[in-house]
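To start, the structure itself, in structure tokens.
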Amino acid sequence: SCKNVRCEAGTQCKMVDGWPKCVPLPSCKNFRCEEGTQCKMVDGWPKCVPLPSCKNVRCEAGTQCKMVDGWPKCVPLPSCKNVRCEAGTQCKMVDGWPKCVPLPSCKNFRCEEGTQCKMVDGWPKCVPLPSCKNVRCEAGTQCKMVDGWPKCVPLPSCKNVRCEAGTQCKMVDGWPKCVPLPSCKNVRCEAGTQCKMVDGWPKCVPLPSCKNVRCEAGTQCKMVDGWPKCVRKQLFQREAPPPPALHMPPSCHRHPCPKESTCKVVDGWPRCVPTKTSSRRPSCSDIHCPKGTRCKMTDGWP
């Protein structure tokens, strides 16, 4: 009999074919059950019983069936009622569960070109960018974007601009700018020309010369102080200082002659010639020249 038989742990004594024998205790260890069932020890024996589930469980309003530790249980429905979220987040139901999510903002919101994100009724929304497109400004002003908003501002001008000496205000690309006054300082002219200010601007003009100057009879063109001037031929021939420019032809009106001679215009110039009764030729000793001139003998005549 099994009376005096001791078996190892996990086994028990059973009479097999009339003899005591240690056999494994009945268990679910090697027991296979159908799908939807599981092995349970019933009255000391393994048995396949249906799996516990919420299938046929009815819960009160505001609760739902959930498997807790492998058993169906009616628990309160999940909500944001008692959920506290960190700053910058709020509780939202996600897939049936309360979850702290970031507050809606324009931080990661992408808008199309020509629009920008703005919070409208607590939600980010793409709205048209402020612009000068439909803004009308008064005369003398124009629309400009100031701190991201369209504003009518005075047109840029030289009105109140003060420039340093040697410069003047000019509009450059629509903006007032102090620029150097125009001058001949850095102007290079071709040979035969020089820089002159014409109507306030530097210009290369031909050098003054006697080339195209026409003088009256008895005068010729000479450069005086850098400028062409018509002067008496005789005075230059006698190496006298150039007298003022003449506008009248030379005459005997102011040409005194000595005794026994008279004034005659010879080759366009007044000269003292002997009278028919004179026996000698005049000389410079007989001539009184005006101040600033001197007498010279030319072809035997003073």
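Yeah, the Cβs are placed from backbone N, Cα and C, and that goes for glycine too.
Unlike curated records, TrEMBL annotations are generated automatically.
As written in TrEMBL, here are the features:
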DOMAIN    1-23  domain 'Follistatin-like'
DOMAIN    27-49  domain 'Follistatin-like'
DOMAIN    53-75  domain 'Follistatin-like'
DOMAIN    79-101  domain 'Follistatin-like'
DOMAIN    105-127  domain 'Follistatin-like'
DOMAIN    131-153  domain 'Follistatin-like'
DOMAIN    157-179  domain 'Follistatin-like'
DOMAIN    183-205  domain 'Follistatin-like'
DOMAIN    209-231  domain 'Follistatin-like'
DOMAIN    251-273  domain 'Follistatin-like'
DOMAIN    283-298  domain 'Follistatin-like'
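Here the domain 'Follistatin-like' (131-153) has a mean pLDDT of 91 out of 100. Using a Cβ-Cβ cut-off under 8 Å and counting only residues 6 or more beyond its ends in the same chain, the domain 'Follistatin-like' (79-101) has no close neighbours at all. Within its own chain, the domain 'Follistatin-like' (1-23) is flanked in space by no residue lying at least six positions past its ends with a Cβ under 8 Å from the stretch. As a summary of secondary structure, the domain 'Follistatin-like' (79-101) carries 0 helix, 11 strand, 12 coil according to DSSP.
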